[in-house]
Ligand SMILES: Nc1nc2c(c(=O)[nH]1)N[C@@H](CN(C=O)c1ccc(C(=O)N[C@@H](CCC(=O)O)C(=O)O)cc1)CN2
Ligand SMILES: [Mg+2]
């Protein structure tokens with residue numbers, strides 16, 4: 001029976017984090033600053049708390065300075081913007097991250113756009129998205145960037161391939177389209193208004209799914225030999241975490257697939273560290289000149 005290569009994001013992320021820690025140690029030996037990340041969490045979203053804790057732990061393990069800010073769910077947007085203004089000016093902080101989702105009374109674009117682009121380690125600021133769209137990325141959204149690094153790690157080139165993205169979110173689908181286009185794929189982005197998703201998937205060599213619907217993508221919709229990147233993280237009533245793709249049936253049909261957990265998720269955090277290190281290096285150079 002054919003069975004797919006399981007793309008081990010945990011392992012690839014761990015190696016990237018070790019490499020980053022090595023670079024931070026080398027910086028320290030040269031008397032250069034360690035990268036500093038500020039993480040802001042507004043409210044009590046349970047999953048967000050887990051992700052923020054993982055990010056802070058990853059910072060500590062890589063030798064970064066991390067500062068964490070917990071704001072109550074009813075904090076005004078003005079207070080959040082004032083905190084961002086302070087961090088924008090703080091020379092020890094090279095990366096500022098506001099964990100999403102934000103409470104409903106906040107306007108996400110206004111918050112994201114308050115972060116100076118040089119410290120926007122989530123890569124969500126229109127300046128950084130624009131740089132990616134214009135083929136000269138600087139800080140890139142962590143999850144799509146992590147997906148590309150997974151493809152690289154497994155020698156899977158998007159060049160000339162049909163890539164179909166399912167889900168057009170600002171965090172994943174849209175920037176993933178730009179990443180795949182940059183790597184030479186022919187890109188289709190599907191979303192809730194797409195008329196015939198199955199027809200699009202039938203010719204997809206690379207499928208990247210980020211919709212937040214457990215097991216939505218069925219094995220019979222996939223092209224034999226495709227590569228499947230599953231960004232979905234869905235917790236079932238049983239407590240089990242599953243992706244947006246029906247993994248158990250898909251693995252018998254495709255060439256390679258990311259598992260959930262242990263696929264894309266760990267890469268998001270490793271790429272956040274990578275971006276923070278790059279932001280630190282760029283700010284260092286800017287200060288020296
Ligand atoms: N400001 C941001 N907010 C959000 C982002 C983001 O990149 N920036 N992405 C997601 C959540 N996210 C990081 O914040 C994230 C999600 C999942 C994982 C992860 O490691 N998942 C593990 C499973 C973890 C578990 O047991 O729950 C896996 O897939 O193996 C890391 C980060 C939304 N918000
Ligand atoms: Mg995963």
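Just so you know, glycine gets a Cβ as well, placed from its N, Cα and C.
Automated prediction, rather than curation, is the source of TrEMBL annotations.
What you see is a predicted model, and the numbers here were worked out from it, not measured in a lab.
Listed in TrEMBL:
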- 7-122: domain 'Tetrahydrofolate dehydrogenase/cyclohydrolase catalytic' (DOMAIN)
- 141-281: domain 'Tetrahydrofolate dehydrogenase/cyclohydrolase NAD(P)-binding' (DOMAIN)
- 167, 168, 169, 233: NADP(+) binding site (BINDING)
Requested in this report: Rounded to whole angstrom, what's the largest C-alpha distance between any two of 167, 168, 169, 233, listed as binding NADP(+)?
Outcome: 16
**Report entry** Other CB atoms within 10 A, centred on residue 167 (NADP(+) binding site)
**Finding:** 23
Query raised in the report: Which of the binding-site residues 167, 168, 169 have a Cβ less than 6 Å from any atom of ligand 1?
Result: none
Report summary line: If you count the other CB atoms within 10 A of the CB of residue 233 (NADP(+) binding site), including all protein chains displayed, you should get 20
Query raised in the report: By DSSP, what is the split of the domain 'Tetrahydrofolate dehydrogenase/cyclohydrolase NAD(P)-binding' (141-281) into helix, strand and coil residues?
Result: 53 helix, 26 strand, 62 coil
Report summary line: So residue 169 (NADP(+) binding site), by the Cβ count within 10 Å over all chains shown, scores 16
Report task. Count up the helix, strand and coil residues in the domain 'Tetrahydrofolate dehydrogenase/cyclohydrolase catalytic' (7-122) according to DSSP, in that order. Result -> 61 helix, 18 strand, 37 coil
Query raised in the report: For residue 168 (NADP(+) binding site), which residues in the same chain are close in space, meaning a Cβ under 8 Å from its Cβ, but six or more apart along the sequence?
Result: 174, 189, 190, 191
